[in-house]
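Chemist: The structure that follows is given in the form of C-alpha cells.
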Amino acid sequence: MSSSTAPDAGINAEDLASFHEHLNKSTRVLALLGAGLSASSGLPTFRGAGGLWRTHDSVSLATPEAFNADPSLVWQFYSYRRHMALQVQPNPAHYALAKLARKMPGFQALSQNVDGLSQRTDHPPGQLQLLHGTLFEVRCMDRRRCGHSETNFVDPIVPALAIPTSGIDPTSDEARQAVSAQLQAKQQGKDLDISDVKVPLASVKTHDLPVCPKCKQYLLRPGVVWFGESLPEQVLDNVDEFMNAGRVDMIMVIGTSAKVYPAAGYIEDARAKGARVCVVNMDENDKPAGGWKKGDWFFKGDAATLVPRLLEPVVGRVEP
Ligand code: APR
C-alpha cells in the first residue's frame, strides 16, 4: 500500500502521480461513498465522534424494531437529519464526483449516504446508486398492501416534528403557529441542537406523526434502509450489472468506515474484477476488511479537499 500523510492536504506527490496515472488509463471505476464525504458539509457521521444522538447510538435508532417500539423518537431523529441535510450544501467532493460521472460513462457511485447531497449536484442519477435509500423518500409502513411512496422535502414533514428554536414545546399551539417565525429563526441559525441530550425534547404523540396520504391508516416512514432490511432490489441489480459487465479498473472508498454489509462487500467484489483500491479517509484504521493489498492507495484527510485533487486530471479544477 502507498500511504500519504503529508500535513498539507494529505497528499504526497509520488502517490498522487501514480494515482493520476492509473486514473487516466481507467474507464470503469466505482466509488463507495460514506458519511465522511458529507462531514465537511456539516453533517455528523455514524460511528466515532458524532455518532451519538442524545443518549442513543445512531445505529440503534435505524432499525424497524426501534421504529415499532417508539415511532415518535425515531421520527424525531430522522426529522432532525432531514432538517440538517436541508441546511447544508454539497461540498467540492460531491461536485468532483458528479463531474467524473459526466466525463466517464463507466463510472458508478455507490452511495451509502441518505442525505441527498450528491443529488443536489448535477450527478447523473443513472450513475448514483443509493444503496441505503434517501431521507427524502417517505413511504407507507404497510408496504405490501398500500405501497405508497413519495418524494418529500417538506421540513418539518408535520408540524409536530419541527425543530424547536427557543426551547418551546414544538407540539404546543404556539409552536405550530410559528412555522414562518421558525423559518426566519432558522435563517438566523437559531435552531436548537436536539441531538444534544441537554436540549429538552418534547414528546410527540403518535397521532401527530406523518400518516400515509393514500391509505390514511398507517404511518409514513423514512425511505432509508434500516439494519436488518434488504437493499433496494433495483439498486442491487444495477450494481450487479456493472460488476458483471467486465473488468473494473478501480474502486475509490471515500469517507466510509466500510463496516456495513453488503455495501462494504463491494470493495472485495471490485478487487475480484481486477480493481485497485484507493481509500480516502481521516482515519487510517478504517481500512478495507480484507486489509491492504499491493497497489492500494491511502490518502489521509478530508474528502472535500482530497477528492477534487485526486480527480483533477479528468474533471479539471473544482473550486471550493
Ligand atoms: N473526510 C473523509 N473521511 C472522513 C471525514 C472527512 N472529512 N470525516 C470522517 N471520515 C470518515 C471516518 O473516519 C469514518 O471512517 O468517514 C467514516 C464514516 O464512517 P461511518 O460513520 O461508519 O459512516 P458510513 O461508513 O457511511 O456508515 C455506513 O452505516 O449507520 C449505517 O446506514 C448507515 O450508511 C450508513 C452506514
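Each residue, glycine too, has its Cβ placed from N, Cα and C.
Take a look at what TrEMBL says about it:
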| type | residues | note |
| --- | --- | --- |
| ACT_SITE | His132 | active site, proton acceptor |
| BINDING | Cys140, Cys146, Cys212, Cys215 | Zn(2+) binding site |
| DOMAIN | 9-320 | domain 'Deacetylase sirtuin-type' |
Chemist: What's the CA to CA span in angstrom from His132 (active site, proton acceptor) over to Cys146 (Zn(2+) binding site)?
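Modeler: Cys146 (Zn(2+) binding site) has its Cα 22 Å from the Cα of His132 (active site, proton acceptor).
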Chemist: What other residues of this chain sit with their CB within 8 A of the center of the CB atoms of Cys140, Cys146, Cys212, Cys215, the recorded Zn(2+) site?
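Modeler: These residues sit around the Zn(2+) site: Met141, Asp142, Arg145, Gly147, His148, Pro213, Lys214, Lys216, Gln217, Tyr218, Leu220.
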Chemist: Among all the protein chains here, how many other CB atoms are within 10 A of the CB of Cys140 (Zn(2+) binding site)?
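Modeler: Step by step: centre on the Cβ of Cys140 (Zn(2+) binding site), count other Cβ atoms within 10 Å, giving 23.
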Chemist: Give the subset of the recorded positions His132, Cys146, Cys212 lying near ligand 1, defined as CB under 6 A from any of its atoms.
Modeler: His132
Chemist: Check Cys140 (Zn(2+) binding site) against DSSP and tell me helix, strand or coil, would you?
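Modeler: The residue in question, Cys140 (Zn(2+) binding site), is strand (DSSP, three-state).
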Chemist: Within 10 Å of each Cβ, count the other Cβ atoms, then let me know which of the binding-site residues Cys146, Cys212 comes out lowest.
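Modeler: Sparsest of the binding-site residues Cys146, Cys212 by Cβ contacts within 10 Å: Cys146.
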Chemist: Look at the recorded positions His132, Cys215 and tell me which residue has the greatest number of other C-beta atoms within 10 angstroms of its C-beta.
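Modeler: For the recorded positions His132, Cys215, the Cβ with the most other Cβ atoms within 10 Å is His132.
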